[in-house]
Amino acid sequence: MSVHTDVKRLTIPQLQAMKGEQKIVSLTSYTAPFARILDEVCDFILIGDSTAMVGYDMPDTLSITVDMMANHAKAVVNATQRSAVVVDMPFGSFQESPEAAFRHAAKMLQISGADSVKLEGGVVLADTTRFLVDRGIPVLAHVGLMPQYFNTMGGFKAQGLSDEAAERIYEDALAQEAAGAWGIVIEGTAEPLARRITDAVKIPTIGIGASPDCDGQVLVAEDIFNLTHGRIPKFAQQFSDVAAAIREGATAYADSVRDGSFPTLNHCFGVKK
Ligand code: KIV
């Protein structure tokens with residue numbers, strides 16, 4: 001049986017066509033309840049490998065696997081109709097060779113039905129991007145602060161602070177565009193680098209801690225809903241307090257259970273009069 005809905009999911013070419021016309025809005029999501037709501041406002045939803053830290057309390061993004069990412073992406077695809085869905089290629093799934101990258105990307109798209117993968121890498125991973133794109137897998141590139149380099153960076157650090165470092169990131173972005181990436185996430189870079197990249201490339205740039213002048217913005221949803229233990233990164237802002245709403249609901253539930261006002265017989269099955 002096929003499922004038909006009137007709502008059409010945004011396609012990757014439609015996202016690309018938004019450059020210069022309107023800002024592209026994206027947030028991360030890892031689960032169906034969140035994704036269902038974000039679908040109403042986002043142009044694309046990213047199943048970031050930040051799932052590792054935000055959803056599993058891991059210290060960095062390195063330990064999340066292809067299967068975990070694919071299953072989170074499946075939940076998001078199932079719960080959404082409108083937003084395009086992009087899934088991150090986790091550490092170890094694409095760096096070894098273009099063939100390994102294709103195998104893992106294809107598996108994630110087959111399991112989840114997502115529209116595109118995202119991969120961290122510039123010049124060094126350009127051949128991999130080309131390999132995937134030529135075989136039908138859209139790639140969103142990610143340059144600048146690449147969290148999968150956590151160990152070589154010695155933590156999460158702003159990038160492109162010197163002229164030389166900025167130039168390398170600029171070259172990374174150009175290499176990914178030339179390799180066929182449909183867009184570029186630019187994370188944690190010193191301005192005016194992201195503005196310069198945005199002006200130089202024909203594909204959309206999606207900033208996170210990069211520049212207001214990027215073609216779009218992405219943030220980790222939990223960071224803006226106060227779901228990260230109050231630690232809001234410098235580049236984010238609290239837009240609502242979901243933690244407070246959950247705490248209020250949980251407290252009301254606990255109070256009702258303890259004082260015996262919940263459940264009532266109305267919540268029970270087959271009650272005999
Ligand atoms: O993993 C992630 O959430 C990301 C960011 C760009 C939001 O890669």
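Glycine is treated like the rest: Cβ placed from N, Cα and C.
For the Mg(2+) site, TrEMBL lists D49, E120; matching the candidates D67, D88, D134 against that entry yields D88. Within its own chain, E187 (active site, proton acceptor) has H142, V143, G144, L145, M146, P147, Q159, G207, I208, G209, A210 as residues 6 or more apart in sequence whose C-beta sits under 8 angstroms from its own. Around D88 (Mg(2+) binding site), taking its Cβ as the centre, 30 other Cβ atoms fall within 10 Å, counting all chains. Cα separation, E120 (Mg(2+) binding site) to S50 (3-methyl-2-oxobutanoate binding site), rounded: 13 Å.
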